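Heads up: the structure comes next, in structure tokens.
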Amino acid sequence: MDNYNDDLYPLALLMDELKHDDVSNRVEAMQKLDNIAIALGPERTLKELLPFLNDVAQDDEEEVFAVLASKLGDFVPLVGGHENCEPLIQILTILASMEEPIVRDKAIDSLYKISLELTLDELTGIFLTLIRSLSQGNWFSKKVASCGLYKAVILKVNSSARRDLLNLYLKLVTDDYPMVRRAAANNLPHLINLLTEFTEEKPNDVNKINNEDWEIISKMFQHLINDDQDSVKFLSIDVLIAILEFFQKINEYSFNSDFLTSALKLIKDESWRVRYTAADRFTKIAKNFTNEESDLFQLIDPFISLMKDNEGEVRKAIAKQLPSFCELLTKYQSTRATILSKIIPVVNELSQDSQDNVRASLASTITGLSPILEKQSTIDKLLPIFLVMLKDEFPDVRLNIISNLSVVDETIGINLLSTNLLPAITELAQDYKWRVRLAIIEYIPKLAKQLGESFFNDELLSLCMSWLWDPVFAIRDAAVNNLKDLTIIFGSDWANNEIITRLLNNGDKIDEDDKIDYSNFIIRITCLFAITKLIPVVDYQIIVKKVLPFINSLITDAVPNIRFNVAKSYLILVETFVRNKSKLPIKDEELKKLINLEILANLEKLSNDTDVDVRFYASKSIQGIQDLLN
């Protein structure tokens, strides 16, 4: 009797928790569903747990339903395999028919996951019946749910059954409810992509896609592009792309003129949402029309009209497509010529657009035109636009141009840009938004490679050093990392002459006014962070003669934060020595002597410090060093 009660306990506990008044408790109980099923075993899960869950699925909150729907997708092994999954499908069908999108979507995902486990007979028996039932349901939510399930069976059935399914799907595309049409349009590209893959993999299969299938799909597409709801019509653009890609892969271009007409209709649609989607996918559409010069040529004016669109969001989206579309135009001489004659003048207008986000979008892509145009055309036509945008009042515009200048450098060289580049960088480096300053710091190493050491020292080095004293820690931290990256580019001697001497106040050329005031705690700890960061990338002699004495001088600092960071720095020193042991100009005995007499001796002092954190990090570094030496 006790064993029987023990066996009932998991289910009784779940039932009890699912009666709790607080929905968060019920959600937490549902999260443990798989563990309860494991405890019960497949037989009792089928006979006891699933009937109980079937009742729960009809009387609770959507948060509980969402967890239940998600969990049941992994239940096939817990009910003894795919042959026992029909009760799971029944529960998920209830959940998939609900109006709450989050519950419905998770139930559809779980049903699809289960379909992958089923045999062909089970799939065509159980699933096909389910899809037909939902598709012809008396409420919109059932029809919406069915749209997400066609992908499970579309390739598994014979050509006759597939045609019936496509005709059923056509009814969903033309349904009275916009929500159903939207769901059908949303799922249609994936179905077409599956048919495309099937055709590629099995071109001679007895159930291959035929003209009757495409006739039905064509009807769906025509209904979608003529839909009176914008929220449905804009989805037809992805359907068009999927259809175009299918015919592109089978090298069938006889329908291109019809598809081009449809594409132009969508691009010029009255609804800005449709035009926005067309702009956002413009290159994906256009690349399917490159087979004929005349077809590609017909897309140039619509592209320009989108660049001049009344809606800022449309102009922003088409600006992102600029380099990729222009790359397609280079295929033919006639279309290539229009880049300079038609598109660049509109790009110039777009660079002075009234909306900040449009100019910022253009700035992120315009540099990509440099490799497409010849060097002289870039200098004559694009360079003036770059220089105007480098002076833009909106920081993101200047930042996006600077962040992508390496592409321009490869085409025309950095010298033509440098005179205008530096004022923009200086201004951005002092921008009131710290994230803008941060982005500039992260770009500096890339710029340093382009400018060269001499130019960098004269124009940007002081700026890089000034970031070390920024009031925002994230900027100071990035500045420290920046100095390490610059040392990797320019070398150890450069770091010694230009950075370390400045940080340690021991250069002959440093004026009294330029010397660092170590009385400030933030300045001392920032110098320590910077010097420590340089340890792995500077030579041994610099470490011994300059870095180590500086670190040693801070072991008696009044601030515990500095003392425990000194302890951390000692460990980094020894890690660097051990890692580069074969390259060091001293013997092992001398290195051990240096570590024992200078580094470990100072760490021993710190391990007896009055501050608990200093003692902790000192002991940790001592242990780390001993592990490295043994």
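Note: Cβ is positioned from N, Cα and C throughout, glycine not excepted.
Note that TrEMBL annotation is computational and uncurated.
Within its own chain, the repeat 'HEAT' (49-83) is flanked in space by residues 11, 14-15, 18, 23-24, 26-27, 30-31, 33-34, 36-38, 40, 42-43, 90-92, 94-96, 98, 100, 102-103, 106-107, 109-111, 113-114, 117-119, 122, which lie at least six positions past its ends and keep a Cβ under 8 Å from the stretch. Feature annotation from TrEMBL assigns repeat 'HEAT' to 49-83 (among others).
What TrEMBL lists as repeat 'HEAT' is 165-202 (among others). Across the repeat 'HEAT' (165-202), the model assigns an average pLDDT of 90.
Residues of the same chain lying 6 or more positions beyond the ends of the repeat 'HEAT' (259-295) and with a Cβ under 8 Å from any Cβ of it are 221, 225, 230-231, 233-238, 240-241, 243-245, 247-248, 253, 302-303, 305-306, 309-311, 313-314, 317-318, 320-321, 324-325, 328, 331-332, 334-335. Marked as repeat 'HEAT' by TrEMBL: 259-295 (among others).
Residues or ranges marked as repeat 'HEAT' in TrEMBL: 299-336 (among others).
For 343-381 (among others), the entry in TrEMBL reads repeat 'HEAT'. When Cβ-Cβ distances below 8 Å are used as the criterion, the repeat 'HEAT' (343-381) is approached by residues 300, 303-304, 307-308, 312, 315-317, 319-324, 326-327, 330, 388-389, 392, 394, 396-401, 403-405, 407-408, 410-412, 416 of the same chain, each at least six residues removed from its ends.
Per TrEMBL, the feature repeat 'HEAT' maps to 382-420 (among others).
If you look up TrEMBL, you'll see 421-459 (among others) marked as repeat 'HEAT'. Secondary structure of the repeat 'HEAT' (421-459), assigned with DSSP and counted as helix (H, G, I), strand (E, B) and coil, comes to 34 helix, 0 strand, 5 coil.
Beyond the repeat 'HEAT' (599-630), the same-chain residues lying 6 or more positions past its ends with a Cβ under 8 Å from any Cβ of the stretch are 548, 552, 555, 560, 563-568, 570-571, 573-575, 578, 592. According to TrEMBL, the repeat 'HEAT' annotation covers 599-630 (among others).
Residues of the same chain lying 6 or more positions beyond the ends of the repeat 'HEAT' (165-202) and with a Cβ under 8 Å from any Cβ of it are 131-132, 135-136, 140, 143-144, 146-148, 150-151, 153-155, 157, 208-209, 213, 216-217, 219-220, 223-224, 227, 229, 231-232, 235-236, 238-239, 241-243, 245-246, 249-250. Under DSSP, the residues of the repeat 'HEAT' (49-83) split into helix, strand and coil as follows: 24 helix, 0 strand, 11 coil.
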